[in-house]
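A quick write-up on the structure given underneath.
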Amino acid sequence: MSRTPSSLDKDKGSSEFVENMNEIEIIEHTRVPSDKPSGFGGHLIDENLVKVEGEDKVTPYLCFLISASAIAGFLFGYDTGVVGVALPLVGTDLGGSVLSSSQQEIITAGTTIGAIFGSAILGGWGDRLGRKVAILIADVFFTVGAVLIAASYSVPQMIVGRIVLGVGVGGAAAIAPLFITETAPTAVRGRCIGVNAFFIPFGQVISEAIGAGVQDMKNGWRLLFALGAVPSLFQLILFHYLPESPRILILRGQTDRARHVFSRIYPNATPEMIDYKFRVAQEYVTATTVLQSGTTYWQRTKTLFTKGSYRRSIVTVSLIQMAGQLSGFNTLLYYAGTLFSLLGLTNPALGGLIPAGTNAFFVLVGMTLVDKVGRRGLLMFGVPIMLAGLVWNIVAFHYLCIPTGGLLDTSYKYDTKLVGIVIGGIVFFTTGFGLTYSHLAWYQSEFLALEVRSVGSGIATTANWVANLVVSVSYLTELETLTPSGTYGLYLGFSVVFFIFAVFCYPETKQLSIDETSLLFEEDWGVKRSREMRRERRETQRRLADSEMTEVATAHVQAQKQKDSAVTRSELDNFMEELKNGAKRFPISR
């Protein structure tokens, strides 16, 4: 579909390069939804048609912005890892008796319960509060919760502290990826979201490492939980120097501040380019405001499940979130100390570093590949590795536990070789998980339309925590009733079902702008539509490049005519061929 020049293109303040682009027939995907007000003319402008020099590079300012935001991911990861190494150290400090399996499960699940509320409330109110304020509120809950846990002298007090902490974990998990998605340039958006995803296993590694070092320290578990308040206080300070999301600033009418944020994100852009980036975002926000006008938060939530395109998008991101949890990976962290004690390791906390470190490394690998290979490409490659790892675990645990009736027994010394095979299966499984769900689950904001992005992100993150709750409160019980092999067989069944769903219903978002990706679900689940949109985008870029070549060739011919009027058509064709052969010298963007 060719794009009709919009009022923005005709604006007197628009630069010459925008006007020139209107002379080219451009395939355009980005349109206001079909139920939009008629005043929008049926289309919106594609931000990617104008690319700034160095846009595919991570600038120092963008690095600061993304890193400060990703502390939320670190806090998420630290809490996930710390409970697994801290609970075995509690001993009789909470009520005078050793924690039972059910008490460990309830304490572990406390954060998950709080996170369900945090992601639903802070995530859902992200538009009204703003991304920045929502993250700051989450930091307050983080800090208060960490203090309550570290000062606990009873199981109920610790559970309350874990719930308070969980509100912060859930809220930050919903908002931080959303904030990053809305501020990062499309060319590096995958890597930027990946930083937040990487900080999750990085936090897990740090908690496991510190836990290994305080095994013999009195009240070491209190220190472990108290240290969780340090990153949240640090983020509170850093966010004082960070801007609000430019789209939220536009929504509030703070246009000068929004332009300033764009100029910081794109330091090499000309004023005209900044104006173009700003006006594109402004059109989307204006369209969204009209779509949201007259509706309440609960009405928009209902719309997510009644309108087909919204429903398909929220189902996709929610199921991908749940897939990561129901694979069982977090049980390796929540109960690392218990599991590796059962396997006979003398320092179980060091054993916890195995899945945490492997996950962190392969999240980093996936983060570097995601903008090249694509989200779907990584999923199709990595999940089969994860499934093979689960099969490995099923078989390995079966043979390991034959002497103890199929169950793990701390009083029995298992064969060292078989323990090594089990750990090898855990590493192989974690490799696939790190490449896929560990970070791809947090790309949820890419799939959601702006008008429901905040509430949708909150719902998807809530789905994550509900699945997390199911796993965390049942793992130790499952080991005792289903046996370790049966437990990982259950996780394998879940993972196979979710992978089949992903094959048919998880579209690629690579190369598409944040405001284009939500259009993938307009007609179906978007897998085929994504391929078509990305192919047409490549053709559009090629035509833009050819147009620049033509302009250069014409200027060359005119210069030659001044010297010699005998320039032939064949000479022009030869010159054009030379340009095409050396097209790298003529960038697509202006």
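For all residues, glycine too, the Cβ spot is worked out from N, Cα and C.
Here is what Swiss-Prot says about this protein:
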- 1-63: topological domain 'Cytoplasmic' (TOPO_DOM)
- 64-86: transmembrane segment (TRANSMEM)
- 87-105: topological domain 'Extracellular' (TOPO_DOM)
- 106-126: transmembrane segment (TRANSMEM)
- 127-132: topological domain 'Cytoplasmic' (TOPO_DOM)
- 133-153: transmembrane segment (TRANSMEM)
- 154-162: topological domain 'Extracellular' (TOPO_DOM)
- 163-183: transmembrane segment (TRANSMEM)
- 184-192: topological domain 'Cytoplasmic' (TOPO_DOM)
- 193-213: transmembrane segment (TRANSMEM)
- 214-222: topological domain 'Extracellular' (TOPO_DOM)
- 223-243: transmembrane segment (TRANSMEM)
- 244-325: topological domain 'Cytoplasmic' (TOPO_DOM)
- 326-346: transmembrane segment (TRANSMEM)
- 350-370: transmembrane segment (TRANSMEM)
- 371-376: topological domain 'Cytoplasmic' (TOPO_DOM)
- 377-397: transmembrane segment (TRANSMEM)
- 398-417: topological domain 'Extracellular' (TOPO_DOM)
- 418-438: transmembrane segment (TRANSMEM)
- 439-454: topological domain 'Cytoplasmic' (TOPO_DOM)
- 455-475: transmembrane segment (TRANSMEM)
- 476-485: topological domain 'Extracellular' (TOPO_DOM)
- 486-506: transmembrane segment (TRANSMEM)
- 507-590: topological domain 'Cytoplasmic' (TOPO_DOM)
- For the transmembrane segment (418-438) and the transmembrane segment (326-346), check the count of CB pairs under 8 Å (sequence separation 6 or more) and say whether it reaches 3 or more. yes
- List, by number or range, the same-chain residues at least 6 past the transmembrane segment (223-243) whose CB is under 8 A from its CB atoms? 65, 68-69, 71-72, 74-75, 78-79, 82, 85-86, 89, 132, 135-136, 139-140, 142-143, 145-147, 149-150, 165, 168, 203, 207, 210-211, 214, 217, 249, 257, 260-261, 264
- Closest-packing stretch to the transmembrane segment (486-506), where packing means Cβ pairs under 8 Å, from 106-126, 193-213, 326-346, 377-397, 455-475: 377-397
- Average pLDDT across the topological domain 'Cytoplasmic' (371-376)? 87
- Query: By a Cβ-Cβ criterion of under 8 Å, what residues six or more beyond either terminus of the transmembrane segment (193-213) are in contact with it?
  - Reply: 66-67, 69-82, 84-86, 89, 176-177, 180-181, 184, 220, 224, 227, 231, 333, 336-337, 347, 349-350, 352-353, 356-357, 359-360, 363-364, 366-368, 370, 434, 438-443, 445
- Task: Mind checking which residues of the chain, 6+ beyond the ends of the topological domain 'Cytoplasmic' (439-454), have their Cβ under 8 Å from one of its Cβ atoms?
- Result: 33, 73, 123-127, 173, 177-178, 181-182, 189-190, 193-194, 196-198, 200, 247, 284-285, 288, 291-292, 300, 303-304, 309-310, 313-314, 316-317, 320-321, 323-324, 363, 366-367, 370, 375, 378-379, 460-461, 464, 509, 514-515, 517-521
- Item | DSSP helix/strand/coil residue counts for the topological domain 'Cytoplasmic' (184-192) | 7 helix, 0 strand, 2 coil
- Message: At a C-beta cut-off of under 8 Å, are there same-chain residues at least 6 beyond the topological domain 'Extracellular' (398-417) that contact it? List them, or none.
- Response: 339, 341-344, 479-480, 483-485
- Query: What parts of the chain pack near the transmembrane segment (106-126), using Cβ distances under 8 Å and only residues at least 6 beyond its ends?
  - Reply: 79, 83, 87, 99, 134, 137-138, 141, 145, 155, 158-175, 178, 297, 301, 334-335, 454-455, 457-459, 461-462, 464-466, 468-469, 472-473
